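Here's what TrEMBL has on this protein:
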type     : residues : note
DOMAIN   : 9-73     : domain 'MrpA C-terminal/MbhD'
DOMAIN   : 184-289  : domain 'Na+/H+ antiporter MnhB subunit-related protein'
TRANSMEM : 26-42    : transmembrane segment
TRANSMEM : 49-66    : transmembrane segment
TRANSMEM : 86-110   : transmembrane segment
TRANSMEM : 148-166  : transmembrane segment
TRANSMEM : 186-204  : transmembrane segment
TRANSMEM : 210-227  : transmembrane segment
TRANSMEM : 239-261  : transmembrane segment
TRANSMEM : 273-297  : transmembrane segment
Amino acid sequence: MIDLLLALTLPLVALGVLLARELFRAVVMFIAFGLLMALVWVRLQAPDLALAEAAIGAGLTGVLLLDALGHLRQPHPPGQPLRSLLPLLTILALVLAGALGLVLLGALLEPLQPSVNLPAEVALHIEASGVAHPVTAVLLAFRAWDTLLEVAVILVAVVVGLALRFSHDDAAAESRVSSPLLQGMLSWLLPLMLLVALYLLWIGSYRSGGAFQAAAVMAAMLVLLRLSGQQLPGQNHPLLLRAGLVGGLGTFLLLGSVQLLQGGAFLAWPEQLAGAFILLVETALTFSLALLLYALFEASPAPARKGHPPRTGDQPS
């Protein structure tokens, strides 16, 4: 019954995101879609993906979208040439959607080929990885290259975003919210969030959790601190913050080169110290990814100026 309800609700929420005439409603529907997707992953017995979807896909991404929504400026109404192209663009979108649907249908109808039983292979070699959780073993031992490149991509994206942000003349946005309720909640909510983040980091070696989920919770904690106007640790030390942004990737590269210097392979952990190396990498990634995700919020552009109100919906045609 729950599976049927999710199967019926997800397409409706997705349509609500696409067809919403107000951007605020579309963002709220997107957050709801992310939470429903987290429930779907739970039903599919993929708790790691469920945690990532809820924390990053719905929570942190939702905050970034709401923040971006508050800084959008009202565009000029579309001219007549653009309106005349709408039917052609609609037909083109339908053709592309139909072609993609045919490709997916062909993939579903393709007969299955004999494949390697990857879960069995992971279970066979998991003792050599240094951790007991198969997902962590894959991400930081057997496929550590993939995780390293993911972190590098996130770092490059944040650096480009910061460069684009500070290439403009307007000052950084002031996002303080003066609310006694928020101040009171933070006194007990922030320590709880820190404990949850550290717990997710610690259990990642033997249960669902890990650096990405812990970093999302920690980044949300930093966003709440920023909204409340609190001074962040190291905020007045740019060099320290920059070191934190690259610290996760740097630690990953440094520890991954230990075996390389001894004639082994890159990102091949020492057999007796594999668990300790993975824990050090995950700890560095947690704090670094939290700063990277928070940097996207901190470097938001200045709010819309007077005479350029934020856009909350589409222009009437």
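Using the three backbone atoms N, Cα and C, a Cβ is placed for every residue, glycine included.
The structure displayed is predicted, hence computed values, not measured ones.
For the transmembrane segment (210-227), the neighbouring stretch richest in Cβ pairs under 8 Å, chosen from 26-42, 148-166, 273-297, is 273-297. Between the transmembrane segment (186-204) and the stretches 49-66, 148-166, 239-261, 273-297, the greatest number of Cβ pairs separated by less than 8 Å involves 273-297.
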